[in-house]
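Database features, via TrEMBL:
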- 1-13: compositional bias 'Polar residues' (COMPBIAS)
- 1-20: region 'Disordered' (REGION)
- Arg13, His20, Tyr128, Arg177: heme b binding site (BINDING)
Amino acid sequence: MNPASTSFSTLIRTASHEQHTEAETSTFMSDLLGGGLGVEAYARYTEQLWFVYRALEEAAPRLAGDPVAGPFVRPELMRLAALERDLAHLRGADWRAGLSALPATEEYAARVAECAATWPGGYVAHHYTRYLGDLSGGQIIRDRAERTWGFARKGDGVRFYVFEEIANPAAFKREYRELLDGLRADDLEKQRVVAECKRAFALNTAVFRELGEEFPLSA
Ligand code: HEM
């Protein structure tokens, strides 16, 4: 594909396609969505997401005025409150007491925080990798989680996947792709953003690897 004639939203999706397949078909994800793991594995995964979204969303108010990252910062995407409700449901009211990040999660959250602090384009890469994924494949995960562990439809336990304030996810994703296409960056910077997106996928896959070690299917 010729990058010069391809929209940035297409470029970033195409460039991360292979790694998307890798993340989607990782042992942990396959076992989790295949119904082979207990709710404990799902809760542990949800905890890891909390650390990542804290890093993404703690930085959001500060980045809202940034010319590059600012347009992406939208209140209707914020997931931390939903994650906290899910964790209270999964772990109980004192969910914070037992919360711990896997080493791969620490690395992931630290990289998000570093980008947020020093590089708005890198922050956009992480923003895209998480939120556009949650709006897409996240809906498949929600459906599977509801059926496997008996959560109420779009209720406690799966609120992370429910974007209450986004009535039309398909339209929202279209607008989001338009924002990507209008990213205020030259070609070199766009290449760097794509590379950071690949890194974001690799960071996710590393979390899945560690979760897979903690929750082997045979156990
Ligand atoms: C079992 C797990 C997953 C499933 C079933 C899944 C499935 C999907 C589906 C069906 C789409 C829609 C593609 C489209 O709109 O054309 C999508 C898009 C996306 N997914 Fe996933 N996904 C999974 C895991 C992940 C993970 C772990 C990430 C990264 C953290 C991720 C990031 C994305 C992104 C960024 C997009 C948007 C691509 C674009 O249109 O630019 N997905 N996913």
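Keep in mind that glycine also has a Cβ here, set from the backbone N, Cα and C atoms.
In TrEMBL, annotation is done automatically, which means it is predicted and not curated.
A quick note: this is a predicted structure, and the numbers were derived from the prediction, not measured.
In this chain, none of the residues that are 6 or more apart from Arg13 (heme b binding site) has a CB less than 8 Å from its CB.
Sequence-distant neighbours of His20 (heme b binding site) (same chain, six or more apart, CB under 8 Å from its CB) are Phe201, listed in sequence order.
Sorting the binding-site residues Tyr128, Arg177 by the number of other Cβ atoms within 10 Å puts Tyr128 first.
As a summary of secondary structure, the region 'Disordered' (1-20) carries 15 helix, 0 strand, 5 coil according to DSSP.
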